[in-house]
């Protein structure tokens, strides 16, 4: 009746317009539901629950087939490709960490754009029909510098990370204020993909403050998190890592029936989940490349599923520790050992997004847990071994200092984090150069105060390396006043274990020459951020390679790309150790010590024509940059 009255009141033109609107709305709704089948099917009443021995979603049994892909380790242009390949493998849930140190690089300065657009990542997952388990930290481990905690926290000499120490909780609250308000609208109950949220990460292996986990749980709940809460620990950590009101999950690689029994004992009549089923392992500089064979892995995953356990593959696709973000490992070692740049992890989907034997076998296994056929496999991106790029110009480290902030003068050495740079947030990553005047040669002793590795120079001439193993060097004699320089590299902060509070970098105490304490330093911060690299690139101070280069130095070349850019790998035989920048982006560290011998270059970071390549090299070069179409991760070893 109402409609006919309206009809009489509308002119012909208005009725035509109304008809168009209804038709358009119908088309939009159809397209939306076609691309979002979950939305069309599901009137959302009840999200993920853990009230019986099986998870339920909408009160129906639900098996989580999950995989970890970290948005911050994958070029944004490839997010969709990697998630489609996840979907095609038969997984239904994406798991990701949130790295505090990238999202808040300086206190109160938040970044959620471009590569760090977490909301875009969540929307993309939803549009592809993937559920999400979010692991927002604040600590994430992840083989990531300081386990994702920002280094400016360490400016406070009393800092106690991952505790209810007010210096930590104030900062964590401020971070959660920003990040949680962004994710709340993407929860299942609000029509989004997030079905569960993890409280902290493996706290049972740290467990220094019994009030800490309740604090983090409350921090999530009070800001509007309403989905199922989880915790995640290895077997030993389960004893101390839980928190009331959150389901405990377990992490492992080899299946031990006693561990499953223990989980059942502490949580009878609850769903069991392996939150981190380790599909491979990480690599350390100076070690070998870890592989975990498909033949070993598939029977374990098969058994987990037969036990009616949910699973999350850590990692499904590892990606890359671009820049200076890789962590370090110290558990059971005399000194920390830094992680390599690649986070390939021997995962089912390789660093560059290739299918592996593991992928195909897992896909076959997971297909039995679906009533519909799995999506077809998305195509693999082509790769290219470009022609070698010859180094055309160089600039020495010493000449590059004019493009950094003016040096800080200090009587005593100051660690990286406490330097008055970056708006008084200190220096987080890269290198720091400490210079002082000496009047004699003799025994230079670090007293183990070098974190982590220092190239030592006298009047710009290299005399040796100080690190955790070499703590004394002979400085040659000479006349008059000379400049002693220590170029100290932060090789990556420890990301796991009990030493997180001790991860300050640079010179962390006094250095002795002939038992005399050195004083009066000029300290240059060389964090090699994009602004510095851009200033360097456009500078007029480059020398041609006809002039003998001095080391350390920056070396400039051009990679010419004809046609559309494709993924490639950089290879640097004849070089020693350093960092590669391509079109201003930091690809990460290389080191001839291995195992990793190639650096991944994503095609979307290149463009047609000339691409600028700058290499910071510490000690030697053969004058050219080579390219390969496949990676070389070095000699392999089976994961023990």
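Glycine too: its Cβ is placed from the backbone N, Cα and C atoms.
Annotation comment: TrEMBL describes 202 as active site, proton donor. Of all Cβ atoms in the protein chains displayed, 22 besides its own lie within 10 Å of the Cβ of residue 202 (active site, proton donor).
Sequence annotations record features per position, and here TrEMBL assigns active site, nucleophile to 276. The number of other CB atoms found within 10 A of the CB of residue 276 (active site, nucleophile), across every protein chain shown, is 25.
Per TrEMBL, the feature domain 'Glycoside hydrolase 35 catalytic' maps to 54-368. Looking just at the domain 'Glycoside hydrolase 35 catalytic' (54-368), the mean pLDDT is 98.
Here TrEMBL flags 426-527 as domain 'Beta-galactosidase 1-like first all-beta'.
Residues or ranges marked as domain 'Beta-galactosidase galactose-binding' by TrEMBL: 552-611.
Annotated transmembrane segment per TrEMBL: 16-33, in sequence order.
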**Request:** List the Cα distance (Å, whole number) between residue 276 (active site, nucleophile) and residue 202 (active site, proton donor).
**Result:** 10
**Message:** Can you break down the domain 'Beta-galactosidase galactose-binding' (552-611) into helix, strand and coil residue counts using DSSP?
**Reply:** 3 helix, 34 strand, 23 coil
